[in-house]
Ligand SMILES: NC(=O)c1ccc[n+]([C@@H]2O[C@H](COP(=O)([O-])OP(=O)(O)OC[C@H]3O[C@@H](n4cnc5c(N)ncnc54)[C@H](O)[C@@H]3O)[C@@H](O)[C@H]2O)c1
Ligand SMILES: O=C(O)[C@H](O)[C@H](O)COP(=O)(O)O
């Protein structure tokens, strides 16, 4: 049985080694490093484990006659043609929620960095677009920072979910917007160019400074229109992690942004390790194999990268201190600098992602806190920020 896997799936081969120690027929693993797996590997693959950079369509499937199973270690699935998979009889799994905490941390880090630079937290409303796993994770952390968060999600609102709304005008009037939707081009609520020239113009109109964050998929925001609105002098700041024509990016767009990163919002170490673990677990279940994986917590603890980041916190923090603690664990500005320093070549963009440094999550911050942390208000706030209290 040949498992073909993206080389950028940390822990994958280690987990397969653990499985092989439990069975007589060894599972074979071969990895690939380019966006698309080589034809020679596809020809022999029984199962394929990918990231979002690998496009799976009828053309790829035609090269993989033995393929029975496909898994993507990502939340997004817009790189996979599910109709072609169905026609080819290939089972498919993605990893809902797997790196949602990392995306929440990314948005918190963006707000922390910009607020410290401006010496003020946003005072207006924060609209989270899409109240799923990543949107909730971002909203929760911003609530912990004391921001006034609301969730715009028409599909969930139509399904009767409480605490979400479908009021687009409220979105446009908010001070901050953070996008957390899948990329869709059809249906009642398509998200491609949700923020087109008109929406961007309305959002950025007026005296109040606005902030747009997109860590979902590039085409959710019309990139050229965004550049034109900012270049036209609107009071609009923008943070982009995702790009309309990835892996291509435009220098002239990046220069107009306050923060720009190479699609790494979900790339915490735990988020990436979780993708490998979740996929192998799903594959084992589908195969009906009675082999055991360690629990995810056990697996994570086996890596030094999964250990606690300890912070002394004898005194009650103010918002600036909370922001500094966030940046101590994950500082988005370093990723911004890496992208700005890198030549604007698609291969360089991919290399930044492939060679991405190990990143901790906010939940790894352990505060050795004074009595202040015991009040109900602080317990709520620190829990929302996912900090631990020792
Ligand atoms: N930058 C990154 O590294 C990164 C990491 C993880 C996920 N993502 C992207 O973010 C997307 C969202 O992830 P998630 O875990 O929150 O997904 P999710 O499925 O948990 O939630 C998505 C939410 O968006 C809502 N939605 C759909 N269309 C909408 C619309 N037109 N307007 C408002 N809301 C709408 C859905 O009802 C759902 O509640 C993924 O599909 C993926 O493309 C990016
Ligand atoms: O959808 C997702 O989960 C993310 O966008 C994911 O983190 C993308 O990263 P990649 O798999 O391309 O490394």
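Glycine residues also receive a Cβ, built from the backbone N, Cα and C atoms like all the rest.
TrEMBL labels come from automatic prediction, so no person has curated them.
Going through 196, 241, 286 against TrEMBL, the one listed in the NAD(+) site together with 153, 215, 216, 217, 266 turns out to be 241. In the three-state DSSP scheme, residue 216 (NAD(+) binding site) falls into the coil class. With a cut-off of under 6 Å between the Cβ and any atom of ligand 1, the recorded positions 52, 215, 217, 246 reduce to 215, 217.
Annotation for residue 52 (substrate binding site): spatial neighbours 72, 74, 76, 79, 263, criterion Cβ-Cβ under 8 Å with sequence separation of six or more. Checking the binding-site residues 216, 241, 266 against ligand 2, the ones with a C-beta less than 6 Å from an atom of that molecule are 266. Packing around residue 266 (NAD(+) binding site) is summarised by its Cβ count: 26 other Cβ atoms lie within 10 angstroms of its Cβ, all protein chains included. Largest CA to CA distance in the NAD(+) binding set (153, 215, 216, 217, 241, 266): 21 Å, whole number. Look at the Cβ of each of the binding-site residues 74, 216 and count the other Cβ atoms within 10 Å; the largest number goes with 216.
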